[in-house]
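What follows is a single structure, and I will ask about it in a moment.
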Amino acid sequence: MLRVGRIGTKTLASSSLRFVAGARPKSTLTEAVLETTGLLKTTPQNPEWSGAVKQASRLVETDTPIRDPFSIVSQEMSTLANNIGSLIGSGHPTLNKVATYYFQSEGKHVRPLIVLLLSRALSAIPESERDRGTFDASDVTENVGELNPEPSINDPLSPIEILHGINPDIVLNPLSRPSDPLPYESNGILPKQRRLAEIVEMIHTASLLHDDVIDNSATRRGSPTGNVAFGNKMAILAGDFLLGRASVAIARLRNAEVIELLSTTIANLVEGEFMQLKNTIVDNSEIANKATFEYYIHKTYLKTASLMSKSCRAAAVLSGARNPIVDASYKFGKNLGLCFQVVDDMLDYSEGESHLGKPAGADLKLGLATAPVLFAWEKYPELGDMIKRKFDGPGDVERARFLVQQADGLSRTRELAQKYCDEAVANLDLLPYSESREALRNLTMKMMNRSK
């Protein structure tokens, strides 16, 4: 229940308020706040706009707190690791151990959480408005007994004996083992959307195994990395194996557009890593600074935002939603992914190793120029030479960190992250109101305040 009074015990975060004040079409909350206070006619061009927004933030109160995003899809998240385990099992015990190593730690699992929440939010769209393409029989919830079901996401496309390989009588992996059938629909989330969330986490984990080898990382989430625990060769092979298993699961979704989207994300991850290994700076000019920053944003999209954006679009495609919703879902994932990584780059300068669960200041030590140092470069041209030599000179890392702190590098990085955060929140406008949509907004805004 919404109450509007002179003093509210709870106020909206600034980013939430910016969304409320600029919502199009205006939400019930917007109308209640602005109309009640007589500020409905106020516009951003009006000198009183800033004061109006601040006043609105003090007047909004809701009796119904926003639920923790995880709790809304807790059932699906609680079975995530087990379901993935059934997809990636191998006949080789060592490969099993390495491939499942990162799934055993307490990770954030942000990507599958986003896919599941978005899928549930998409289920609030009336079925009459979800007519982009056709549903597979395995995703239809009514009159199941009267259908001639098409193959499910657990059924192979090729003959079992082909997938088995040389010995068709031996069961080595889940490609040929029958899986327990998934419920037709649970919590508003379709079986293919749940499988999508699992695939996304598999792709992400494979990229972590590979990244830790490339970066020679020693710890992740407070534990030894895969390359430290098992060696570089095993870690690389385990990452490859995960991508192979993910590719099989992608194919079994039997949706050409989704297959294209997810296959592209794998290529994007590799492209982004290549971009990170390369340096584009050629001189210390303003043009070089701008080009380097654009390069950084593009690399960030490929390495982080591509998987989020394309998996969000895939969830919308599987829901049957129309093109405007599908496009908005993609933009939401893109902006959220960029916000997530920009905040991550900022934390590398502001948090310690014990808090992050991984070495602090790692980017500079790896020779990487991220947003904080690129912004500081505009004020301190000497950073250009350090970027060019990848901070490999004596004292470069310490000097660069000092200059970032002296300049406005961190504050401008926060502003950039906030921009992406606000855009991601606005991208959710097209979705109908639901608990899951509000949880996505809450999750997005919390990205700005995370400390690890």
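From the backbone N, Cα and C atoms, a Cβ is placed for every residue, glycine too.
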Given that Swiss-Prot annotates LYS108, ARG111, ARG221 as isopentenyl diphosphate-binding, name the residue from HIS92, HIS204 that shares the site.
HIS204
Give me the sequence-ordered set of same-chain residues, not including LYS108, ARG111, HIS204, ARG221, with a C-beta within 8 angstroms of the centroid of the isopentenyl diphosphate site's C-beta atoms.
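For the isopentenyl diphosphate site, the extra neighbours are GLY107, HIS109, VAL110, GLU201, THR205, LEU208.
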Within a 10 Å radius of its Cβ, which of these binding-site residues (LYS108, HIS204, ARG220, ARG221, LYS303) has the fewest neighbouring Cβ atoms?
LYS108
Does ARG111 (isopentenyl diphosphate binding site) have same-chain partners at least 6 apart in sequence with Cβ under 8 Å from its own Cβ, and which are they?
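Set apart from ARG111 (isopentenyl diphosphate binding site) by at least 6 residues yet with Cβ under 8 Å, we have ALA197, VAL200, GLU201, HIS204, LEU307, MET308, SER311.
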